[in-house]
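Undergrad: A single structure is presented below for examination.
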Amino acid sequence: MNNPRIRKYYKTNAMTNTIFVVLVAMFALETFNGGSEDSAVLFKLGAQFNPAVIILGQWWRLFTAQFLHIGLLHLVVNCVTLFYMGQYLEPMLGHVRFLIIYLLAGVGGNLMTLAFGSDNAISAGASTALFGLFGAMIALGIANRTHEGMAYLGRQSFVLAVINLLFDINVPQIDTWGHVGGLIAGFLLTIILGDQNLRGYKRPIKILAALALIAFILATLRMGFIISE
């Protein structure tokens, strides 16, 4: 990276770029193992499958599923969304907060899938984490609603999230519950963790968000066990 402009971009968006590399590498691994649309390959590499999580105790699937994709179009759409949201959010949140919110929102989305998703379907994709980025931008937009640019980005993310969810409802193959869970988790995590330089939330609001996040985790775990019994 001898070009100073490239170095500056990578430094500002280091986590976004790193996530992109990981997603592409995992897709290549899926392809070399037999194909990204092969259920056996997806299961082997860590896709979400509710019975495996509950009955076999493979809880790590709640984390690993966000790095796999089902088909090239799935990967491309999610990578475009990652770069679009990352260019704004990573500089605002900082590298560490951005990565934490991204990864934990992915887990939150998969918890929602565990609770309400089909026990007969395998699910995977970064969209649970990406909806968490929508939630993060909405939270920042609300906290900084007097700032015209931030308020606009918050509204835009809300509209994008709603449009995507409305589309999801009409496509049975899409894990709508995972998207909703990621959105909720990303929103709450951003309230709790705050950002680098923008206006944040007051302590009582952060405490309420933390309690809501705990309730979300406990409720989805409980529902996951009930559905799988």
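Keep in mind that glycine also has a Cβ here, set from the backbone N, Cα and C atoms.
When I checked TrEMBL for this same protein, it listed these features:
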DOMAIN    57-194  domain 'Peptidase S54 rhomboid'
TRANSMEM  12-29  transmembrane segment
TRANSMEM  67-86  transmembrane segment
TRANSMEM  98-116  transmembrane segment
TRANSMEM  122-140  transmembrane segment
TRANSMEM  152-171  transmembrane segment
TRANSMEM  177-195  transmembrane segment
TRANSMEM  207-227  transmembrane segment
Undergrad: In the same chain, which residue numbers or ranges, 6 or more beyond the ends of the transmembrane segment (207-227), come under 8 angstroms Cβ to Cβ?
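TA: Residues packing against the transmembrane segment (207-227) from afar: 50, 53-54, 108, 111-112, 114-116, 119, 181, 184-185, 188-189, 191-192, 201.
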Undergrad: Can you tell me which recorded stretch out of 98-116, 122-140, 152-171 has the most Cβ pairs within less than 8 Å of the transmembrane segment (12-29)?
TA: 98-116
Undergrad: Ranking 67-86, 98-116, 122-140, 152-171 by the number of C-beta pairs under 8 Å to the transmembrane segment (177-195), which range is first?
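TA: Ranking 67-86, 98-116, 122-140, 152-171 by Cβ pairs under 8 Å to the transmembrane segment (177-195) puts 122-140 first.
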Undergrad: Which whole number is the mean pLDDT over the domain 'Peptidase S54 rhomboid' (57-194)?
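TA: A mean pLDDT of 94 is what the model gives the domain 'Peptidase S54 rhomboid' (57-194).
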Undergrad: Which residue counts does DSSP yield for the domain 'Peptidase S54 rhomboid' (57-194) in the helix, strand and coil classes, in that order?
TA: 108 helix, 1 strand, 29 coil
